[in-house]
Amino acid sequence: MPKRGKKGAVVEDAEEPKTEPEAKKSKAGAKKNEKEAVGEGAVLYEDPPDQKTSPSGKSATLKICSWNVDGLRAWIKKKGLDWVKEEAPDILCLQETKCSENKLPVELQELSGLSHQYWSAPSDKEGYSGVGLLSRQCPLKVSYGIGEEEHDQEGRVIVAEYDAFVLVTAYVPNAGRGLVRLEYRQRWDEAFRKFLKGLASRKPLVLCGDLNVAHEEIDLRNPKGNKKNAGFTPQERQGFGELLQAVPLTDSFRHLYPNTAYAYTFWTYMMNARSKNVGWRLDYFLLSQSVLPALCDSKIRSKALGSDHCPITLYLAL
């Protein structure tokens, strides 16, 4: 339910899972709670140097970036485009754009190299959800949604087919505060899995975006305290595992860095979570098995600011 502020203004709950602070009983109790949440001190993630060659020694030929921008217009005001220009991806995928296509900021025209731009947003909800895909090369084909009316009303999926692979960028529905959309999320997961399996049967698949789940305990800072919260319920984690097995797909980051902890892509704005690195890994590049020989690196750009998520980058040698 929306919450009301002091003057009666409606404040919408955010879509991302949040770790709520516990009530303070005393100064000593507050310090204890903080230590339990973040440990004795913040442990930050250091992104290692980019690996730009595949296991066979082939140089990377494709760079894809994905970023949940938490509002396209606000992200641009926070200099998000400056990071994009410096990173210089061949393909840029954006989630939670919260912007209809007829209201896109003019600043996007500055991305002259990413001239092929595709957008999807809800037809009846301005300022909600939405995804974008910007590409240097013109895709062979572009489509929107997963082909089921129940799941294609909120602008959550763009599919772009290229010569060597199909790219899907997605903003997966959040189960919501109090898990009010968990049942819907489970229906989505089943339909999305079926859709991706069909795509992957015809051409190698790259799936990227905010998939709104921390798969394993290593993928969030406070697993014990979030097992009943959106993004880490047993149902969502099981659905993600079934996606990996059924399509099948491989988590590119965990494939390369199986034991790397404190690597997160989302931090709530509350309680200085980002500076303390109390986060979640919700953003992924998932790859078909046949793409793995081309995998050079899968990066988490945790120092890039502009949203409550950070961008992620994939290098492929195709």
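Note that the numbers count up from 1, one per residue, in the order the chain is shown.
Just so you know, glycine gets a Cβ as well, placed from its N, Cα and C.
According to Swiss-Prot, Asp70, Asp308 bind Mg(2+) 1; the candidate from Glu46, Glu86, Glu87, Glu96 that the record adds to this site is Glu96. For the ranges 139-168, 289-318, the feature annotated in Swiss-Prot as region 'Mitochondrial targeting sequence (MTS)' maps to 289-318.
Within the listed segments 64-80, 251-267, Swiss-Prot records motif 'Nuclear export signal (NES)' for the stretch 64-80. Range annotated as region 'Necessary for interaction with NPM1 and for efficient rRNA binding' by Swiss-Prot, chosen from 23-33, 100-110, 177-187: 23-33. When the modified residues Ser54, Cys65, Cys93, Lys197, Thr233 are screened for a Cα within 10 A of the Cα of His309 (site 'Interaction with DNA substrate'), none qualifies. For Thr233 (phosphothreonine) paired with Asp283 (site 'Important for catalytic activity'), the C-alpha to C-alpha distance reads 17 Å. Ser54 (phosphoserine) and Cys65 (S-nitrosocysteine) have their C-alpha atoms 18 Å apart, to the nearest angstrom. Around Thr233 (phosphothreonine), a 10 Å sphere centred on its CB holds 20 further CB atoms from the protein chains shown.
With respect to Cys93 (S-nitrosocysteine), the closest of these recorded positions in Cα terms is Cys65, chosen from Cys65, Lys197, Asp283. In the three-state DSSP assignment, the secondary structure recorded for His309 (site 'Interaction with DNA substrate') is strand.
Taking Cβ-Cβ distances under 8 Å and a sequence gap of 6 or more within the same chain, the neighbours of Asp283 (site 'Important for catalytic activity') are Ser66, Trp67, Asn68, Cys208, Gly209, Asp210, Leu211, Thr265, Phe266, His309, Cys310, Ile312.
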